[in-house]
Amino acid sequence: MLHVSINVSAASYTDSSDDETSPRDKQQKNSKGNGDFCIKNIKQADFGRREIEIAEQEMPALMALRKRAQGEKPLAGAKVVGCTHITAQTAVLMETLSALGAQCRWAACNIYSTQNEVAAALAEGGFSVFAWKGESEDDFWWCIDRCVNVEGWQPNMILDDGGDLTHWIYKKYPNMFKKIKGIVEESVTGVHRLYQLSKAGKLSVPAMNVNDSVTKQKFDNLYCCRESILDGLKRTTDVMFGGKQVVVCGYGEVGKGCCAALKAMGSIVYVTEIDPICALQACMDGFRLVKLNEVIRQVDIVITCTGNKNVVVRENLDRMKNGCIVCNMGHSNTEIDVASLRTPELTWERVRSQVDHVIWPDGKRIVLLAEGRLLNLSCSTVPTFVLSITATTQALALIELYNAPEGRYKQDVYLLPKKMGRVGSDQRRQPHPFSLWLSLGTTPTRISLTCTLRSSREPDVGHGVGSRLLPSQRADVRRKLKTDEPPAS
């Protein structure tokens with residue numbers, strides 16, 4: 001009975017008549033009289049606070065960083081504008097950044113992924129949050145603009161997921177980059193956009209590529225998606241996985257996680273992949289490599305995991321069998337050409353939240369999830385523990401860029417230096433003041449990863465920026481390290 005009453009209470013937040021009004025038309029203030037936010041319902045704050053407290057228990061790395069570095073305030077004076085998924089895990093990150101001295105303003109990078117109760121808790125805590133679940137496209141850009149365009153406050157750091165925030169500032173407020181010290185980007189889509197800016201000579205500040213960091217690739221992209229793909233599909237469609245034929249487009253870390261989960265549940269999994277290395281990995285992992293057109297008529301589920309656009313186009317959608325489930329696990333909502341389905345001859349039928357039937361004139365229908373947007377964050381949840389690692393990496397990247405002396409980083413895209421995976425302590429070199437021990441295990445086995453940022457007196461000569469050093473510069477680095485052996489790569 002207790003479980004039922006909790007569900008009813010949670011549902012009442014979204015079903016109340018008050019929620020029918022657009023948040024942009026409401027005048028809301030928190031208990032302190034502050035109204036610099038725009039969310040669904042400030043009355044949900046207590047419920048959201050409990051969500052955040054639960055998340056804190058599963059985010060030991062981020063809480064350790066908060067505890068160890070808040071006395072030093074490494075982000076004192078930082079004004080961080082963020083555009084990410086606004087979830088309980090993001091709230092823990094935002095409160096950690098605040099504890100380290102930063103001021104934050106935040107918008108959502110996805111119109112469906114915001115947890116309204118968490119946004120309310122953040123607003124009640126004094127954060128300027130502009131997001132709610134179910135935004136329109138116009139709302140989406142309006143929220144980003146409200147974060148950026150504010151009198152008496154100008155950002156000097158950007159934390160982005162997908163590149164929309166960076167794109168908006170370049171488009172509307174390019175002069176702001178005169179004071180911005182750096183960009184931290186989480187997703188493959190956003191990183192691709194940064195590389196495009198860099199190639200065109202338009203990237204005016206240093207940018208840190210978190211997506212390709214070892215922590216994001218090997219933990220978040222793989223393990224997070226391995227668990228959440230099943231959760232998202234089960235919640236939206238109640239599908240039985242055993243015996244189903246599934247095609248996964250893309251065999252990067254996200255695709256690997258999805259394939260492993262579906263294979264373990266008894267699905268017959270096909271893979272499409274254009275990269276020869278990843279394609280060979282798929283073959284050696286026991287998956288049949290195909291072209292999409294070869295299996296599109298027979299598969300029961302189509303999942304995109306590429307971060308690219310138009311992976312599944314109208315021609316593919318027309319050839320799918322009746323009842324085929326179509327969803328996206330990449331960041332961008334353009335992997336599936338949903339726009340091509342909004343034509344007069346096709347009928348859209350909403351059957352439940354985030355689930356649409358698209359019906360052809362002959363009666364055939366496909367099941368489209370989250371309108372082609374990110375499935376796991378739109379329709380289910382993600383493992384908090386794994387996100388702790390990614391969030392900590394983002395925080396460390398912000399600290400590094402904000403505290404880096406002038407000239408250390410050029411107007412380019414960089415990887416966070418890779419000095420991780422050491423078990424136990426290493427007495428040969430002193431850690432950076434902002435180094436962090438990530439406790440990833442419990443008794444009887446305990447594993448620690450040392451995340452050591454490259455300091456000015458100890459550059460990384462094996463990865464990222466350091467890999468660009470000339471041999472003579474490497475020799476100089478070794479002398480500074482006072483060791484006869486080459487630095488570990």
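The backbone N, Cα and C atoms fix where each Cβ goes, and this holds for glycine too.
Annotated in TrEMBL:
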BINDING   T87, D161, E186, K216, D220  substrate binding site
BINDING   G252, E253, V254, G255, K256, G257, E273, N376  NAD(+) binding site
COMPBIAS  475-489  compositional bias 'Basic and acidic residues'
DOMAIN    221-382  domain 'S-adenosyl-L-homocysteine hydrolase NAD binding'
REGION    13-36  region 'Disordered'
REGION    458-489  region 'Disordered'
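Within the set of binding-site residues G252, E253, K256, E273, N376, the entry lying nearest in space to T87 (substrate binding site) is N376 (CA atoms). Summed and averaged per residue, pLDDT over the domain 'S-adenosyl-L-homocysteine hydrolase NAD binding' (221-382) gives 95. Rounded to a whole number, the distance between the Cα atoms of K216 (substrate binding site) and K256 (NAD(+) binding site) is 14 Å. Spatially close to G257 (NAD(+) binding site) yet at least six residues away along the chain are N221, L222, Y223, C224, C225, R226, E227, I229, judged by Cβ distances under 8 angstroms. Cβ neighbour counts within 10 Å, taken over all protein chains shown, single out E186 as the most crowded of the binding-site residues E186, E253. When the Cα atoms are compared, V254 (NAD(+) binding site) and D220 (substrate binding site) turn out to be 9 Å apart. Taking every pair among T87, D161, E186, K216, D220, the residues listed as contacting substrate, the largest Cα to Cα separation comes to 18 Å. Ranked by CA distance from K216 (substrate binding site), the binding-site residues G252, E253, G255, E273, N376 have E253 at the top as the closest. Most buried of the binding-site residues G252, G255, judged by other Cβ atoms within 10 Å, is G255. G255 (NAD(+) binding site) sits 17 Å from E186 (substrate binding site), taking the Cα positions as reference. Rounded to a whole number, the distance between the Cα atoms of D220 (substrate binding site) and E273 (NAD(+) binding site) is 21 Å.
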